[in-house]
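Colleague: Right, I'll just put the structure down here and ask away after.
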Amino acid sequence: MHSISALLSLLGGLALSSAAPTQNITSDAYFYGQSPAVYPSPEGTGTGSWASAYEKAKAFVAQLTDDEKVNLTAGVSSKTGCSGFIAEIPRLNFTGLCVSDASNGLRGTDYVNGWSSGIHVGASWNRTLARDRAKYMGQEFHRKGVNLLLGPVVGPLGRVAEGGRNWEGFSNDPYLTGALVYETVQGVQSSGVGVSTKHYIGNEQETNRNPETVNGVDVASVSSNIDDKTIHELYLWPFQDAVLAGSVAIMCSYERINNSYACQNSKTLNGLLKTELGFQGYVITDWGAQHGGIASANAGLDMVMPETTLWGSNLTTAIANGTMEASRLDDMATRIIATWYQLNQDTDFPTPGVGMPASAQSEHQVVVGTAPDEKSTLLESAIEGHVLVKNTNNALPLQTPQLVSVFGYDAKVTDSFDLASTVLGTSPLFQNYTLWVGGGSGSNSPAYVIAPLNAIQQQAYEDGTSVLWDVSAQDPEVDPTSEACLVFINSFATEGYDRSALTDDYSDTLVTNVASKCNNTIVVVHNAGIRLVYNWIDHENVTAVVLAHLPGQDTGHALVDILYGRANPSGKLPYTIAKQASDYGSLLHPSEPQTPYGLFPQSDFSEGVYIDYRAFDKDNITPQFEFGFGLSYTTFAYSGLSIEKTNETTSEYPPSAAIQEGGNPRLWDDLVTVTAEVQNSGSVDGAEVAQLYVGIPNGPVRQLRGFDKVLLSAGETAQVSFSLNRRDLSTWNVEAQQWQLQSGTYQVYVGRSSRDLPLTGEFSI
C-alpha cells in the first residue's frame, strides 16, 4: 500500500529549494543520463511476416493528411465500452480501433466468459492449454469487435513477493513466463485480435507507480533501477518471446526505469525493443502513463491512451520547428496501420466495440461473445491451475463421503456483481466471497460463477449424500460425524496497491479453529499471489491443502472435479512459498520513498538476477514449497537421462545475422538436446510436468530451461525431450552487448521441481 502518512513525515524534512545531492534531491536533473539516450527512433522495416502489411500500411499512410496521422496516435472518447478508442477515417474505410482489457477475458460487458488468470495458467505449466485458452478468448474479443486485447502480462515478473499485480502474470521465472506468453500471443492473434504485451519494463510494484501530490509536494513515480545484465536475463526475456511470437503492440508502464519514465525511455523503447528485438508493432501507453510530449514521441512511443493533451497539434508544430522529424510521425502511423493489416482487420472485422455500450445497463445490441466449442477448454484451464501441496494419508480424492462440512467465506459467490465496478479497489467484493479473479483492470466479467459451495452441493445431490455449511463464522460448530471438513479462504490482490502481508489472521484462525474440531480438515486457498501457510500447514488435522489460485467462472466445477477424483491435480507452483515472510529478504515489500530520494522514489534491483527460487538457492534457504512443486494422486519415476550436443563448433557469440522479430535469429539455434524417461509408477492416470534446469558457469545454481507436461496412464512410460538453444545457455555480456556462451561445465538437472531433481548430468562448452 502507499505509505502516505510515512511519506508526509518524510516530506516534512525535505527542502523544496536546491539541495546538495548528499541531502534531499529536489530536481530530476540530478538523475539525467542514468538511462542512456538512444536516438533516433528506428522505423519499422516490415521484416519477415510483416512485409505485406507494411506495404499496404505505407500506401495507406501516404493518403493521410497530417491531422489524420496525428489522430491515429491518441485515443478519443467514444460511445462504446472499449477501454480506449482510435477514431475512424471513413473516407478510407478505416473503422477505428477498439482496445480493451483484459488478459483473462473481456471486461465491462456481457455475454463473455471469465477465464482463468495469468497465475493460474502459469501453475498449469501447459503450453498447449495456454494457446487454446488464448485462441478461444481471442475469438470472444473478435466477436465483440475488439481490435487489441490489453495483455498478456509479463511484467511484473514477481520480483516483490507482495506485488499487487503478480497474479496477472504467469510466473516468477522468465523462461516459464516467456514460454507461456509465446503461446498466448500466438493463440489470441490467430483469432484476428492483436495483443499488447505489458507492462514494459521493470514494472514490479504498485506502490508509487504514478506521480502523486502529497501535502502540496509533487512526488515522482518510483524508478526501477536495473543494470543491463539483469534487464536482459530477467525482465526483457519474456518480452523477447512475445516479440518473437509476433505481438503487435507492447504497452509501456507507469514507473521510471533508471529514472526515465517508461513511456519516454529511449533506451528501452528505441534501443532494446525496436532495435535489439526488431519489434515491428507499436508502443502504446498504459492509461495515463504519458509524462512528456515530443520527447516521448522521439523516444519511441507511438500511441497514447486513453487520450492526450501533450500531442495533437503539438506533433505537427514540432515537425514544423524541427524538434521532430516528419518521418517519426509517418512511422508511428505506419506501425499502427500495419498491425490492422497484419491481423486482416481490414476485411470482415466486426464494428469496433459492437454490443459494448459505455454503460452495460443501457439499451444495446446483443452480441454473444461466447461459443459452445470453448467450454471444455474453459473448464480444463480452470482445473489445471490448481496445485495440491499436501495430501496426508490420501485424504484426497474424496471417496463419496456421506457427510461433508463446508466452512469459510471463500466458499460462496458474491451477492451481486456490477460489470462496471471492477476497475480499482474491489477488495470488499471478495473479502466475504469466493475469489475467482483479482482486482483492477485485470479483472473480468464472467457469464456466471459456480462457487465451490454450489458445486459441492450439486455433487451431494448426485451422490445422494449430505452437506453441512457455515460460511460466515470464524469459529463454527462442527458435526463430529463429518467425514471431511473443507475450509475455504482466499488471499486477494489488486492493481493500484501492493499487498500488506502474505497471510491474514482471520483466515488462519478460521483454519485452526476448524482443524481443532475435525481430524480431516482440507484447506482450499484461492490466492492472487504467494500465500504463506506456516500457521497451520503442520497441524496434524490439516490433511490436505489445495492452492486454487484464480480459476475464473468455472471455479467450483473445477475444484469438485479435483476433490472427487474425476481430475487428477497436475499443477505446479510458478513461484516459491517461503516458510516465513522474512525469507524473501529485501524482496518481500515494495520499495518506499526514503531520504534523500523522497521526491523521487528509488527501487534498486541490486539483487540482480537472484529473485524467487534463484535467491533461495543462492542463500541456501529451505522453502516451505519450492518453485515447480506440486503433488498428484499418482507417482512418477524418472530415468534414462541423455545429453547430446548438436553443434560441436559453437562460437562464443552468435553469428551475425539481420535482425528479425525477436532479435538475432541465431539465438534460436539448438545446441544441446536433453532427453529422459518419465513413468507413471502409480495406479491412477495423471499428468506430470518434467522440468529441466541448467547450471550455467558463473551464474545461478540452476535456472529453468525446459519443461514438458505429459499425460500418462497408470504404468505408462514416455520420453520427454528438451532442446536448448543458444539464448538458453548464454549470459548477457554488458561490454560486448551480446549473448555470450560461457566456457566451462554446464550442470543439467531433470525432475519434478526445482529441488526434486533425481536426474543429473553435465556437458562442456
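Positions of Cβ are set from backbone N, Cα and C atoms, glycine also.
Here's the feature list from Swiss-Prot:
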ACT_SITE  Asp286  active site
CARBOHYD  Asn24  N-linked glycosylation site
CARBOHYD  Asn71  N-linked glycosylation site
CARBOHYD  Asn93  N-linked glycosylation site
CARBOHYD  Asn126  N-linked glycosylation site
CARBOHYD  Asn258  N-linked glycosylation site
CARBOHYD  Asn314  N-linked glycosylation site
CARBOHYD  Asn321  N-linked glycosylation site
CARBOHYD  Asn432  N-linked glycosylation site
CARBOHYD  Asn519  N-linked glycosylation site
CARBOHYD  Asn541  N-linked glycosylation site
CARBOHYD  Asn647  N-linked glycosylation site
SIGNAL    1-19  signal peptide
Colleague: Taking the Cβ of Asn321 (N-linked glycosylation site) as the centre, count every other Cβ atom within 10 Å, in any protein chain shown.
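Modeller: There are 9 such Cβ atoms around Asn321 (N-linked glycosylation site).
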Colleague: What is the separation, in Å, between the Cα atoms of Asn24 (N-linked glycosylation site) and Asn647 (N-linked glycosylation site)?
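Modeller: A Cα-Cα distance of 56 Å.
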Colleague: Give me the Cα-Cα distance between Asp286 (active site) and Asn71 (N-linked glycosylation site), rounded to a whole Å.
Modeller: 18
Colleague: Check Asn321 (N-linked glycosylation site) against DSSP and tell me helix, strand or coil, would you?
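Modeller: Looking at the DSSP assignment, Asn321 (N-linked glycosylation site) belongs to a helix.
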Colleague: According to DSSP, does Asn314 (N-linked glycosylation site) fall in a helix, a strand, or coil?
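Modeller: In three-state terms, Asn314 (N-linked glycosylation site) counts as helix.
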Colleague: Around Asn93 (N-linked glycosylation site), how many other C-beta atoms are within 10 angstroms of its C-beta?
Modeller: 9
Colleague: Can you grab the distance from Asn126 (N-linked glycosylation site) over to Asn314 (N-linked glycosylation site)? Cα atoms, rounded to a whole Å.
Modeller: 47
Colleague: Report the nearest neighbour of Asn321 (N-linked glycosylation site) in space among the glycosylation sites Asn93, Asn314, Asn432, Asn541, Asn647, comparing Cα positions.
Modeller: Asn314
Colleague: Using Cα-Cα distances with a 10 Å cut-off, which of the glycosylation sites Asn93, Asn314, Asn541 are near Asn71 (N-linked glycosylation site)?
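Modeller: So the list is empty; none.
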Colleague: Please report the distance from the Cα of Asn647 (N-linked glycosylation site) to the Cα of Asn258 (N-linked glycosylation site), rounded to the nearest angstrom.
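Modeller: A Cα-Cα distance of 39 Å.
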Colleague: Which of the listed glycosylation sites (Asn24, Asn126, Asn258, Asn432, Asn541) has the least company, meaning the fewest other Cβ atoms within 10 Å of its Cβ?
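Modeller: Minimum Cβ neighbour count within 10 Å, taken over the glycosylation sites Asn24, Asn126, Asn258, Asn432, Asn541, occurs at Asn432.
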Colleague: Quick one: pull the CA-CA distance for Asn93 (N-linked glycosylation site) versus Asn258 (N-linked glycosylation site), whole Å only.
Modeller: 43
Colleague: Asn541 (N-linked glycosylation site): which of the glycosylation sites Asn258, Asn314, Asn432, Asn519 is the nearest Cα neighbour?
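Modeller: Closest by Cα distance to Asn541 (N-linked glycosylation site) among the glycosylation sites Asn258, Asn314, Asn432, Asn519: Asn519.
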Colleague: Here's one to test understanding: among the glycosylation sites Asn258, Asn314, Asn432, whose C-alpha is closest in space to the C-alpha of Asn519 (N-linked glycosylation site)?
Modeller: Asn432
Colleague: Work out the three-state DSSP category of Asn93 (N-linked glycosylation site).
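Modeller: Asn93 (N-linked glycosylation site) sits in coil per DSSP, no helix or strand.
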Colleague: On a simple 10 Å Cβ count over all chains shown, which one of the glycosylation sites Asn71, Asn314, Asn519, Asn647 is most densely packed?
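Modeller: Answer by Cβ density within 10 Å: Asn71.
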Colleague: List the Cα distance (Å, whole number) between Asn258 (N-linked glycosylation site) and Asn314 (N-linked glycosylation site).
Modeller: 27
Colleague: Enter the number of other CB atoms within 10 angstroms of the CB of the residue listed as 'active site'.
Modeller: 23
